[in-house]
Structures are given as structure tokens and as C-alpha cells.
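Written out below as C-alpha cells is the structure these notes cover.
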Amino acid sequence: MEKRLQGLEKKILIEAGETPAVVYEMKKQVDSFREKLESVEHLSWLGLFKDLSEGTHKPSPFYHKRTLHKTREECEHVREKFLHMSSLEVSEEVRQYLKTPTFDNWQWEDAEIMVLLQVMYTDLDFIPTFNIEPEVLQQFLFEIYRRYNNIPFHNFKHCFCVTQMMYGLIWLTDLRSKMDSIDLLIMLTSAVCHDLDHTGYNNAYQINAQTELALRYNDISPLENHHCAVAFEILERTESNIFRNLSTDQYKRIREGIIKCILATDMSRHNEVLNKFKSILPVFDFTNKDHRDVLMTILIKVSDISNEARPMEVAEPWLDCLLQEFFNQSDVEKLEGLPVTPFMDRDKVTKPSSQTGFIRFVLLPLFIELANLFPCLEQHIIDPVRKALDYYTKMEKALETEQQNRAQSENAAKSKEAAGGRQDSQTDAGPDTSEPESQLT
Ligand SMILES: Nc1nc2c(ncn2[C@@H]2O[C@H](COP(=O)(O)O)[C@@H](O)[C@H]2O)c(=O)[nH]1
Ligand SMILES: [Zn+2]
């Protein structure tokens, strides 16, 4: 197929003088198909599978097994850098910038990101308040880094962005004066842990493919339950348990809070969580624990899907990462004969089509409710989201126009070709006796 495509490409290039976009698109699909055949183990009978597995895990449709989990060397290298850098002073300018939604994650490498997370725990006064030893915090952050996988979207940088947005929201809304330190610790730590060990395949896939996670959690938020379980696995170990100096009651409250927050990030529960918040909003009371608990779930949800609230040069690469992960999943779903998640299908989704609906029907309704409680957020998170909507709406229209133009010129070319073909055959077959107009319609 690849050879035939190359031959075709050459022929078109000679005849047309340039390679049309459709050929590039076909080449991309062939590459992606080949990659799938090489990496999906159950298709090994095709003779293309490259066994990259390190251990004896159950076969699973991960990206390349070689690259999903971080290697020991990779982790050690980052850990050394992090430990070296963590003794250096982070400037006041960076500390202030870190409190804003305009923060650009792409400028920072992973070891630096770990230092920035350490700054967040420090500047919220968690270290003295909860008697967290610096080495324990460092070990905790290292384990967190280690347990985020090398996948396009749900990786360590996503963990950082969500945490940084949560951190920014805490400062912008002056939550320190409204909620106690334990609530803030729950919120920040939930954000840090919320997608631990994500493999790049969403809950629909987990359930349809009957993965180990879906079986373990009976199809109920398999991923979120797993992220949470991994978080407490890390916190179980004394050397990385940042809560180890807290009382049993404090630990219990923190565990309950983190579980609630992480489970609330399952998007299939979006309306349930948002409606609960809407119902208490008119009588919202910071002294009411139930109200605070709901607010915490809203804050983590907002942080989780807040990429479009960031400057365009920060947000747009995130969309590319998200679509890369989505398309990978739908490709695997097609290969495995599973239901294909429509918003992940590369044949149906474009960048703007993915964003306009999401911003209109998911992002804005959620952000607006939070801004009802904290009007100061309007300028920080709603204005940029509206700008993004405008940007993608224009892009969507431009794409539509381009598609229409392309379809028109393709139709015109086809008609011309058909007319030419008929003329040729008429020349071969002798004089035409039919009316010329009827041949065109
Ligand atoms: N079309 C878009 N979908 C988005 C975007 N940001 C997030 N999402 C979706 O929400 C979930 C968030 O939950 P997570 O815990 O998995 O991170 C994510 O998986 C996407 O499905 C976006 O900008 N556009
Ligand atoms: Zn997330």
C-alpha cells in the first residue's frame, strides 16, 4: 500500500507539479496505521509487531510500551537535577508569575516544574503548618513525577498546569482568608494527583475494552479511582508521605477530601457536580462544610479543563496534545472493533470543531458559575475563554469555506474530466448523434 502510494504520489507530482493535500493526508494515515500494526500486540500475527515490553504485564493497547512508563535513567536524571535546583532560590518575580493563569508551562523543564510545585507548597505555608519535612516533600514530588506517563496530554506537565491553575485560583480569590489550610492542602494535593498513571485511554475505552481498571472498579470512574489509589500508594510510603506528621483525624479528613475531589474530575459527572454547585450558590456559606466541599470539586474541575483560559500560545499546543491522544484512542478503537468515541475520531474532528462546542457547552457554563461566586475571576478566566471561542469560531468558518471551495473545484475538475473522457470515446467510436447539452447534465 505504501509503495502504491509512493508511485501515485510521483505520478501526481509529474502531472500536477505539486503534491495535493489529500496525498499528504493519506500518507499520514498510512504511517499511523503502520505504527499501530507495529505496536498492537494482538495484531502480531501480521508479522509487524515489535515486542517492546519490558516485563510480563498483560497485553494492553498502550502507546509504545517502551515509552509509556518513564525509564529509571530518565527519572534519576530528572531527580538529580531537581535536588540540585531545589536548593537554589526562586526569584520573587517567578513566585508572583506562578500565581497567575498566564503562566507559560512550556518554558520549564520537568525538574524545574518540580521546584515550582515545591514553591507552591512553601508559599501557601504548608511546610510549617503541617510540619512537612523538605526531603519528604521532595520525595513525594519525585514519585508524582515518576508516576505520570509519557503520553501526549495526561502527563506530568498537565498535572502541573492543573495544579498551577488551582494555585492561581487560590490566590486570585483570596481563598486563604475564607477556607482553612487543610482545605487548601486538599485542593492543591488533589490537583497534583488527579491524573496519576493515566495511560491515554479514557473511561469509555476502559469500559468497552473491559480493561483491568474497569474490572477492578466495576465500570465506575475506573480512571479516577485508579489515580486516587496511586496517590494513596505514594502517600502510604513513609518517605513520601507529606501527611505523616498529621493527626489521625486530620489525615482522615484529607483522605476523604482528596478522594471527593479526584472522583469529581470524571467528566461523566460534570452536570451532577455543576448542578449541585448551582443549587447552593444563592445561599453559599463558607462556614458550611458541605458548601466548601462542593466548591472544592468545582475548583478542581475548573482547573482541570482550564487550558483555554490561558494565553493562546500556551493553550493551542495543549489542544494539539489532546487531539493526538484522542486520535490515538480512536485509531485503537477502530482496530479493536470497539465503539469509536465520536469526539476522538480523526475523520470527524478538527481543532476548531473540538473547541467551539466544548467551550460553549462545557467550559463557559462552568466558569460562569464560579465567577458568580468570585466576580474577580471574570477577567482572569472568562475573558480569555471567550477570546478562544472567537478564535476557533473564525477558524471553523475559514475551514468550512476552504472545504466548500475544494469540493467545488473537485466537482468542476471531475465534470471536466468526464466531458473530456466522453469526447475521447466519441472520437474513437465515431460521430456523436446525441444532443451536446444532454451530455453535460
Ligand atoms: N475538546 C476539549 N476537551 C477538553 C479540553 N480540556 C479538557 N477536555 C476534556 O475534559 C477531560 C478532563 O479531564 P481529565 O481529568 O481527563 O484531564 C479531558 O480528558 C478531555 O476529554 C479542551 O480544551 N477541549
Ligand atoms: Zn486532568
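Glycine too: its Cβ is placed from the backbone N, Cα and C atoms.
Residues annotated as domain 'PDEase' in TrEMBL: 71-416.
Listed in sequence order, the residues of the same chain lying 6 or more apart from Asp304 (AMP binding site) and placing their CB within less than 8 Å of its CB are Val162, Ala191, His194, Thr265. Residues or ranges marked as AMP binding site by TrEMBL: His154, Asn155, Phe156, Lys157, His158, Asp195, Asp304, Gln355.
The number of other Cβ atoms within 10 Å of the Cβ belonging to His154 (AMP binding site), over all protein chains shown, comes to 24. Annotation comment: TrEMBL describes His154 as active site, proton donor.
Around Asp195 (AMP binding site), the same-chain residues six or more apart in sequence whose CB sits under 8 Å from its CB are Tyr148, His154, His158, Cys159, Val162, Leu223, His227, Thr265, listed in sequence order. Sequence annotations record features per position, and here TrEMBL assigns Zn(2+) 1 binding site to His158, His194, Asp195, Asp304.
Residues annotated as Zn(2+) 2 binding site in TrEMBL: Asp195.
Residues annotated as region 'Disordered' in TrEMBL: 399-441.
Feature annotation from TrEMBL assigns compositional bias 'Polar residues' to 401-412.
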Next on the checklist: Same chain, not part of His158, His194, Asp195, Asp304: whose C-beta falls within 8 angstroms of the C-beta centre of the Zn(2+) 1 site? Give them in sequence order.
Outcome noted: His154, Cys159, Val162, Ala191, His198, His227, Thr265
Checklist entry - Listed binding-site residues are Phe156, Asp195, Asp304, Gln355; which sit with C-beta under 6 angstroms of ligand 2? => result Asp195, Asp304
Next on the checklist: Tell me which of the binding-site residues Lys157, His158, His194 sits in the most Cβ-dense spot, judged by other Cβ atoms within 10 Å.
Outcome noted: His194
Next on the checklist: I'd like to know the mean pLDDT over the domain 'PDEase' (71-416).
Outcome noted: 97
Checklist entry - What binding-site residues among Asn155, Phe156, Lys157, Asp304 have a C-beta sitting less than 6 Å from any atom of ligand 1? => result Asp304
Checklist entry - Once near-sequence residues are set aside, which residues in the chain of Phe156 (AMP binding site), 6 or more away, have Cβ atoms under 8 Å from its Cβ? => result Asp110, Ile113, Ile144, Tyr145, Tyr148
